[in-house]
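Per TrEMBL, domain 'Lactate/malate dehydrogenase N-terminal' is recorded for A:4-145. Marked as NAD(+) binding site by TrEMBL: A:9, A:10, A:11, A:12, A:13, A:14, A:34, A:121, A:122, A:123. Among the features that TrEMBL reports, domain 'Lactate/malate dehydrogenase C-terminal' is placed at A:148-302. The annotation active site, proton acceptor is assigned in TrEMBL to A:178.
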């Protein structure tokens, strides 16, 4: 019955995600929504101008919430990145804007009768994912944030660069808030057949420096162009495809963890039914402490957002 | 010996083309160049942050002209789109800026020893393609502009919309300048098994209205977001792939036509040796006249650019 | 709600089509059916062994007709190619076998409550398509045969080879039976901006020789390996994707033409609702005569098959 | 300068690999070689019949060793699978046939001046890889066997099935001979955030049963259709792409390990320069013993093959 994806918010991230979907034929039907009607119509037309030179066809619907009723996945990419730029790289700077927008959007999604999976990119993503779940009243495991799927990719990129290998050959996770309180759970990182903590000595790896570089990398992207789009849009589309394919892949995404009482990033098995299983890592005490701090931070911010 | 593509100019178009290449694994090596060092480095890092979540690997080199020596294709996407916005949608508004930039870039490409095919998107594309050829002294058939490959796609989109069919099922060309003097050569357009001119009566098609809509579409994209990127980047990458694959595909691109003494868009067979054969259409007298006007306009502008 | 494709018959063609789908992530759910249980299970397992090294995930179900209830498309690829080999390349040699098998399969599809589009490859395809429609009682436009989509590709390959261009740059159709009574409708073939009939003189093209070569090509493939699979499987999957995407593409496929009272290949617009519009070509009298002969042949054979 | 791949041996595996390459546009030039001229020409023509309905173009050359001179990668897929069928599933049953064929092929590759990377699938693959290296005199790290890249995939499939997750979410390796003396190095297998050995108790996993199932799976494929092709062709093309992209990915492939004095499967970092780094796993004593036995077996067989 065909794949149907909605993208809400056609800024740098949403339009890049939509383009990635169109260029690869990942969806049959694509619903694009933005309050800036001229922008979303411009993007839709631009995609249609691309289509005669593309191998796949995608049906595009613009600004029609009712078309989301039978969508499989909605990617929420709305935001106001300028707020972050003025605020020292704190993703929470966007919250006063996004919490209002997202409540409105979530209510409309609910009114449309949407019954699929929400993939949230909108920042601060852990709080926003909570808001989506709260307003739509969808099951908690049907609302997922891209979370540290991007940050884990950045960590892999930094580690891989240091060792001159493919980042895909690095296994491991960044956990917690998709924001400043997150951290690399080095106990989970394996590369070249070893725990990276073992390898670090032999190879002269400075994990703290890598951690820093990985975070600075994100800032470098952000300050270099005043937004980031390719990394996060790729993460979001991978997550959406994982849902569509029912791939049951382990991904570090923002999902509701009962023991922390909040959405935060922690690896989970993702499929057509959203988060279908939660992993239980063997973290070190230090990592557990960091995760608790990160969880508390998200919870406080969520409470403040109400 | 692997596919190597250079992209010069990492604005909206160049970065979209680079992303399309990275996301689909079209190149093994990708050289990204921009005078805004922070922007090109940000994009490169952003692509690398995407890679762990992508199926393909692409080696990215930043701002190194010498790396272009053995590139197969260089896509020139530099420009200053703001100039167009202030100038009533005339692509020539960019020329005072781009002619200077392109002469500089072309000299550097030449100095690097580049011996492949140049695919120019930079506007005004027909004049810019001439400048690239003149400065690099590459054979005329090794320098190609995307030209009306995009405008033909727009025409197909408009026709297809009217008839409720796939734009890929519309055959035909827009010819001449990739700019205001271009036109749809309706005598070349076939759809649903008929010349569109025959079909127009039966189906109540108003070709002039379609023509207008097709052009307005482009403007709508431009005014809706102050730039266009997906359609033109797709056209450029298709052209680059056609060269890499040596596909010998017929495409309406800006190529040097001896009889008009200028680069202008006219269908040609494109392969690894660039334009390997030029088509000779049976145009109507009216179309021939329009093409002559368009050619003269490009030639005048090129002369003025020196 | 995800893409679901069924493939019935896991011989050379069906398994190649299934592999093409799995390797490209064209479907989320794939139902494979064959009376040779060991073969279909072997293929399913082999696909699963490929999956960890592929970028996409596909859920595979084996030999469960009830899983076809909500399939979007069923590709019928069953057959007994050895019968053709013993019979002088006449696709009707398979009919005594396939008509029995197909009636059985069609009844099971109907019983499963399938309500999508059938794409038939099974030979003799025009008669088999009729049988599928007759038994399933699906609307005539929901049952389609790949027909001369393959033969048109062969014609394009032959023409392109002669002119040293991309076969994708040849426009035109083979019509009628996917079998010996088919023909290239040269009046529909355009290449290098011209009707091929005009071009033939200048370029020294011998259309009859090309026609022959095109047909011999098919036989060469068949005799070289005792089956053909890549060309026809590609055609079938393109057709299935066209349906899934609702692309509304013009394709020469076997569809029921009222004026001939039979399924035969003739270009049609294909989308999610199957054949949504039938083209009306301006054929020459000679071509019309050939088409009538081909239609009569199919009708006679269909009548005999009952 | 474009991607060029050679495939030698157009049986079930070689032709499937070639099809996967053609259907995805992984190569620009593809050289197909087989002693059965009718078969290789039939496949080439069949691919060309597919191309008008595919998005990519691939130039195909048939049975011309000289065209391999500038190939990036040669995939050796020749074999005589019937010999295995008559011999109780022992891949060494093919050796009397393949060792002769491969010496001949390797000499021709050398004579052609080939200077790229050889990816061997031909069985018994560890011995055959040695023979290729010996005869071509290419550096040892430029000759690689697909080895247990397939067997590791099978192990992942079996583990994943048991846990109802994506096989891509299982990390770990099968080591040693791509044959009966291979084994899963369970100490390397991680899933759901744990060493599988820890998880096995909680989840009631019977690793020995999984190991057996994994091997039986291979046999089930083989006996179900008298050959295996999709899994192994996918592994080979992934390996070839890893070389072309210079991806530097960690893959369990057959590579020459000095300490064992033979080619055998052990994870290595693969890029454009072949095996660019060898991993050093922390195996258990039991695993080390198994690996030694496997290595000794391969060495004996190689010695016998001379």
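Glycine too: its Cβ is placed from the backbone N, Cα and C atoms.
Fair warning: this is a prediction, and the values are worked out from it, not measured in the lab.
The structure, with features from TrEMBL marked on it.
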| residue | record | contacts (Cβ under 8 Å, 6+ apart) |
| --- | --- | --- |
| A:9 | NAD(+) binding site | A:33, A:34, A:76, A:77, A:78, A:79, A:122 |
| A:11 | NAD(+) binding site | A:34, A:77, A:78, A:79, A:81, A:227 |
| A:13 | NAD(+) binding site | A:77, A:79, A:121, A:227, A:228, A:229, A:232, A:233, A:236 |
| A:178 | active site, proton acceptor | A:91, A:123, A:124, A:125, A:126, A:145, A:146, A:147, A:148, A:150, A:151, A:254, A:265 |
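Among A:9, A:10, A:11, A:12, A:13, A:14, A:34, A:121, A:122, A:123, the residues given in the record as binding NAD(+), the maximal Cα to Cα distance rounds to 16 Å. On the 0 to 100 pLDDT scale, the domain 'Lactate/malate dehydrogenase N-terminal' (A:4-145) averages 94 in this prediction. The DSSP secondary structure for residue A:13 (NAD(+) binding site) is helix.
Counted within 10 Å of its Cβ, the other Cβ atoms near residue A:34 (NAD(+) binding site) come to 23, all protein chains included.
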